[in-house]
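> The structure under discussion is supplied below as structure tokens; questions concerning it will follow.
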Amino acid sequence: MRCFQNTKCTLKCLLWVPAALCALYFTCSSMNIFIGFQPMEKCTLEKGKLPTLDNSVDVSLDFWSRTDVQTCTTWKAPIIWEGMFDPKIYDQNHKKEGSSVALTVFAVGRYLDEYLETFLNSSEHHFMVGLPVSYYVFTDMPEKVPHIDLGPQRTLTVIKVQRHSRWQDISMMRMKAISDVIESDIRHHSTHVFCFDVDQVFTGRFGSEALGDSVALLHAYYYHLPKSYYTYDRNPKSKAYMETGDFYYHAAVFGGSWKSVKSLAEACYQNIMEDKQNNVEALWHDESHLNKYLWLHKPSRVLSPEYCWDTQIGYRSDIQVTRLLWAPKQYDKLRTP
């Protein structure tokens, strides 16, 4: 009888093991590790065939150096990963062509004190080093913008903007501000524009290999997931509505030629305002509108998540370098009125 009871007890314990393992497996960290094992699609470009050339120097890209990741899109645009390009070749080519870059960043409210100085100082060490760079800092408190020791051919302009009571409105209204400053200033002296969120830190080369006519960024949390998991706006009443798409792009980084960025910003702003008139707000605000635009107007260049990584995701074998990292998010502290 005792033997039977011991056996019954053992069986009960064994039955709990799969459930316990399942619960452990699907914690956030375990899930992120699991997602990392999901294979990406692969570049279908045949060897010897040229991709859609965004720059003349793109002929030097090695699409087969990274067999572990997707190195081109279905429309043959390159997806830039470590190991695909020679930094010296790209830098020499862009210097020869006279490329210059405008960087826009918004530091409104508490975001200025928390992130701006670190963002700008790290940019001086890693962003487009060797090329002319013009910073445009949009803030509601120009007097609090920190002094930054800028390198040669690098300038900083501070532009005062209105502070909105809702952070969502700040996020969405940046599209109009970007469009306006491109028209009034940037287009006269910069060939390219990159737009960044301020709560990030440059940690490695973010160089001329990223320059193109229309540049999008793969979101670090979605690039291994099936499309059915992408958080597009599913509300048919919104101008950002999408049933499906190509990738899920992160609005923390986007760029391109000044003409392309201006067109993107204008279109997103117009769609945001149309939604407002209809009392609709897209799920992820300007990011939802950006994804819709880039689905209709395919980017000529896509950056891998190396160019905006979150260490909270954990180890991923395909992330060989990190060039820009998410800073610790403090939404409760920073987004309260």
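Cβ coordinates are placed from backbone N, Cα and C, and glycine is handled just like the others.
Below are the features I grabbed from TrEMBL:
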- Glu287: active site, nucleophile (ACT_SITE)
- Phe106, Ala107, Val108, Tyr111, Asp197, Val198, Asp199: UDP-N-acetyl-alpha-D-galactosamine binding site (BINDING)
- Asp197, Asp199: Mn(2+) binding site (BINDING)
> Enumerate same-chain residues with a sequence separation of six or more from Ala107 (UDP-N-acetyl-alpha-D-galactosamine binding site) and a Cβ-Cβ distance below 8 A; give 'none' if the list is empty.
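Listed in sequence order: Tyr115, Leu116, Phe119, Val137, Phe138, Thr139, Val145, Val198.
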> When neighbour density is defined as the number of other C-beta atoms within 10 angstroms of a residue's C-beta, which of the binding-site residues Phe106, Tyr111 has the lowest density?
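With the binding-site residues Phe106, Tyr111, fewest surrounding Cβ atoms within 10 Å: Tyr111.
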> How long is the line from the C-alpha of Phe106 (UDP-N-acetyl-alpha-D-galactosamine binding site) to the C-alpha of Glu287 (active site, nucleophile), rounded to the nearest angstrom?
15
> Count the Cβ atoms, other than its own, that fall within 10 Å of the Cβ of Glu287 (active site, nucleophile), considering every protein chain shown.
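Its Cβ shell of radius 10 Å holds 24 other Cβ atoms.
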> At its widest, how many Å does the recorded UDP-N-acetyl-alpha-D-galactosamine site span between Cα atoms of Phe106, Ala107, Val108, Tyr111, Asp197, Val198, Asp199?
11
> The residue listed as 'active site, nucleophile' to Asp197 (UDP-N-acetyl-alpha-D-galactosamine binding site): how many Å between their Cα atoms?
12
> Apart from Phe106, Ala107, Val108, Tyr111, Asp197, Val198, Asp199, which residues in this chain have a Cβ no more than 8 Å from the mean position of the Cβ atoms of those residues at the UDP-N-acetyl-alpha-D-galactosamine site?
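For the UDP-N-acetyl-alpha-D-galactosamine site, the extra neighbours are Val105, Leu112, Tyr115, Leu116, Phe119.
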